[in-house]
Amino acid sequence: MNQAGHDHHHHTAGPAQPMSARARRITLWLLVPAVLVTALGMLLLWPRDAPQSTEGVGPERAFGRIVAVTPEACPEVPEGETPLTGCGTVTVTLDDGTSVTTEIPGGPGAPEVGPGDDVTLMVLEGEDGAREYSITDHQRSTQLWLLGAAFALAVVAFGRWRGLTALGGLAVTFAILLFFIVPAILDGRSPVAVAVVGAAAIMLIVLYLTHGFSMTTTIAVAGTLASLAITAVLAAAATAAVHLTGVADETSNYLTITQGDVNMQGLLLAGIVIGSLGVLDDVTVTQSATVAELAVANPRYGFRQLYGAATRIGRAHIASVINTIVLAYAGASLPLMLLFAAGNTPVSELLTSQLISQELVRSAVGTIGLVAAVPITTALAALLSARAAQPAAQPAAAGDAAPAEGGGRRPPEENRWAAFADDSSDGRN
């Protein structure tokens, strides 16, 4: 009888060990090669020379605070011309204590200024050698810091520890963008290679930092890597087929003039890859977690049931995300669309222009990569969950009657470090 009781104890606690060992092996098999390849890629693509500022790119700038605004009557203009508005002078105290007087800024998009405003001024040299000042913009650092603090507080207040790790992931993303991706592209490295390696580095660090070392996260990493590769290949094929050069607006033209070594077509591809990463990891984490929850709630589900149920959820998610992507690109291109509409440009010409075609390619390629992420991630998660559930289902069949499907008590939440747990921590007595 004691022997029977001993055997029963091992039947109920035993499955934890093989599942933990399997999780650890699969995680390491996927994680170690991905980390090594990403680290090697960053080492080979790391910028050797710091980007040098192009001489004469912009005028000198100064910063100060407005102490007085003195409106004046505007001079008359010839009949038929648009009357002048907003005439007068502004007195500004610069950061070095110097007081200067300049005209009230005017024209389309000119900043509206008043006493107490912190402003940025452009400094030019006049014909007589004197320095002339012109207000170009407001200083916004204080307001942006306050907004950033409110953002961080809101995230931490709601997400608590998970929100704090999400902020850490955001900091990592900015660090990789600013210290690796941008300098490497300016240093003449292939923008596509830099984007793929940088996106992989962001994903590996941010996903594990935010969601912990678990099988759910590992499956999401594998699905994101596969979908990212598909997105990069499709972006290259679509860009070549549509004959996009990457030079379609004033910003890209200016970059071509000032940084001639940058491959603009490659930069377009890099933007597509990096832009798709944010939505990809959202979908892959959701699908991986969905399969895990379905497997816990329905221990007798096999691969087909898990894959089918999670795919139905994924379809609903994709349907809403696709609209989000299109609306995001449409919102960014709204001024351009208004400009074309005001000029009575035919719709066919509007859609086939390089600038709009570029956005259409971004949307289409990003969406295809997103759609591919659902079956890839769901299949991986369902396969591993179904295999892991098989040993656990055997004791129930041999012992008392199994609980109704989906009606059993939910086990405790998965330990986020379980994938790397030591065998000695499996709870055996």
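Placed from the backbone N, Cα and C atoms, the Cβ positions cover glycine too.
The compositional bias 'Low complexity' annotation in TrEMBL covers 393-404. As annotated by TrEMBL, compositional bias 'Basic and acidic residues' applies to 407-416. The region 'Disordered' annotation in TrEMBL covers 393-429. The transmembrane segment annotation in TrEMBL covers 26-46, 142-159, 166-186, 192-209, 221-242, 262-280, 321-343, 363-384.
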Whether the transmembrane segment (192-209) meets the transmembrane segment (26-46): three or more C-beta pairs under 8 angstroms: yes
Could you tell me whether the transmembrane segment (142-159) and the transmembrane segment (221-242) have 3+ CB pairs under 8 A, leaving out pairs under 6 positions apart? no
The transmembrane segment (321-343) versus listed stretches 26-46, 142-159, 166-186, 363-384: most Cβ pairs under 8 Å: 363-384
With CB pairs under 8 Å as the measure, which of the listed stretches 142-159, 166-186, 262-280, 363-384 comes out on top against the transmembrane segment (26-46)? 166-186
